[in-house]
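Before any comments, here is the structure.
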Amino acid sequence: MLCPICMQIIRDAFLTACGHSFCYICIVTHLNNKSDCPCCSHFLTSNHIFPNFLLDKLLKKNSARQKAKSASPFEHLRQGLQQGCKVSIKELDGLLSLLAEKKRKMEQEEAETNMQILLDFLHSLRKQKLEELNEIQADLQFIKEDVNAVERFRTELYRAKERFSVKLWMLNQETITERPRGLFTEKQGSGSNCSAHSLQGQMGSQDKIADAKVQLSSQSIQRKDVYSGLDLQSVSPSAPAVARKRRVHLQFNELEECYLQKRRIWNRQSDKQEEMDPNTLSREGYNPSLDDFQSVLSTFTRYSRLRVIAELRHGDLFHAANIVSSIEFDRDDELFATAGVSRRIKVFEFSSVVNEPADVHCPIVEMPTRSKLSCLSWNKYTKNHIASSDYDGIVTVWDVSTRQSVMEYEEHEKRAWSVDFSRTDPSMLVSGSDDCKVKIWCTQQEASVLNIDTKANICSVKYNPGSSIYVAVGSADHHIHYYDLRNISQPLHVFSGHKKAVSYVKFLSSNELASASTDSTLRVWDVQENLPPRTYRGHMNEKNFVGLTVNSEFIACGSETNDVFVYHKAISKPMAWHRFGSSEIDDDDDIGSYFISAVCWKSDSPTMLTANSQGTIKVLVLAE
């Protein structure tokens, strides 16, 4: 039976003068506020309520009955014993025996279960460790093979050096012996046969000496080989070599991962090739993966810092806003263009900036625009053509020689963040905008030739350098969408992994795509094999566009700490960095408010252009 006030089973039932029953606490609380019955509104006070003993008894019996139904057999037994149920000693003995057997059986089952869980764990652990052991043994075999190959190659180099040294010694000896022979001939003349025979005997003995030198040298080389090349290591390393070894130790774990990854991939490929062609013979010596890793090791340890070779200011007296949003080299790396919030495209001659020291470098071309600029892209075939995208959504193709626009495209409805010319078809370009659209343009047509609708803002677009039908799109939805323009109904691939918006996409090659995100990471993707990416960390980027540039070996980006970072594409940690120092920042400015805003490599050279949000542009070069 439920209380009409709390709608719960009545506890401490009280009956009113009008015949309704309530919980004591419920009715007393109600009468403190009102003087009527909650059911019939009859006048009621605390003097008109009485304990309902009969209902309380019925409710307690009902509760006990419900508990008995839901009680376990053990509860029934316990209740029976507590209530004085008569049980003989024999019955209790039988019951105790039954309980003891039940307990023993349960303990055995629990022990078996625990043993099974432990056994499963140990089997899994053993399997895991065996896999690790097999992997380590395979790695050790790789290392052993490569050590032997490197030692053989090193010995060959040493022998070639010794042979060259012996030949050089013999040439010097011939030069020394020819001088006295000429003097002797002049003094004695040609008539003395005895002298001639004597001279021939002397020359013969000198030739024998040279042969003996060669034999002794070869014997010494053999002895050096027998003693495990001790002499090869006796030469004290130079200071640059010591510095490069130090860099290896500092990044040893990263280099180890790189080496093993390349070696394992090559081994899998060779195994597949042997399965396809059992007659394939394995050749000793440098395998491609070792050669590839040696190239990585060489380029990675060659450089350790970025050196400034030139500097200029992008700002002017009439424009206080100096952020450089984009900086790009032209087709021949002779000119570079800058653009940003100052609403101007400035073109500089690179050789003049580097070779002519000056406080202020004037651009050779300056083109005003109607809006702030977000991106530039030089045409790789028509040297004088450059494309721009701006905050009004306008994509413009400019002729630098005439300082005039060639084409203007105004189809984007919001800010256009990115534009890129195709390398294989110079008449085609692609743009992306905050209106969630990617548009393909042709310089020979006034309207877009293709339109891709997406679900998120577009931050970056890039043509594949090997084909004009593939486009990579960096999006605010944290993904990179890779499209085949022959079928735009859905992306060819969607690369996932970034945790925030993808601000830049750049191709290292036709297969490798680099991306930057405001999650403070860079990633490299394989657009053909769709392999797991390599992730690069070290810079800070949480809200701004800090630039991204790549070449065949290196990746560079900016940071919100006002630093430029350079990564080798095979190593996940930075190999060099440079901070835009406080010397170019005014005392009243806050150094923490500035960030790197644009970067660009000079093709495959170690030289790069960098710019920050204050408008400072530096030419940096990788150095030891």
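For all residues, glycine too, the Cβ spot is worked out from N, Cα and C.
Taken verbatim from TrEMBL:
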COILED    89-146  coiled coil
DOMAIN    3-41  domain 'RING-type'
REPEAT    386-408  repeat 'WD'
REPEAT    409-441  repeat 'WD'
REPEAT    495-535  repeat 'WD'
| field | Remote residues contacting the repeat 'WD' (386-408) - C-beta distance under 8 A, at least 6 residues beyond either end | value | 328, 330, 335, 337, 339, 345, 347, 365-367, 369-379, 414-421, 429, 431, 433-435, 439, 441, 443, 446
| field | Spatial neighbours of the repeat 'WD' (409-441) far in sequence, C-beta under 8 Å, 6+ residues away | value | 374-382, 385, 387-397, 447-463, 465-468, 471, 473-474, 483, 485
| note | Over the domain 'RING-type' (3-41) the mean pLDDT stands at 89
| request: Pull the DSSP breakdown for the repeat 'WD' (386-408) and write it out as helix, strand, coil residue counts. | output: 0 helix, 15 strand, 8 coil
| query | DSSP says what for the domain 'RING-type' (3-41): how many helix, strand, coil residues? | reply | 10 helix, 9 strand, 20 coil
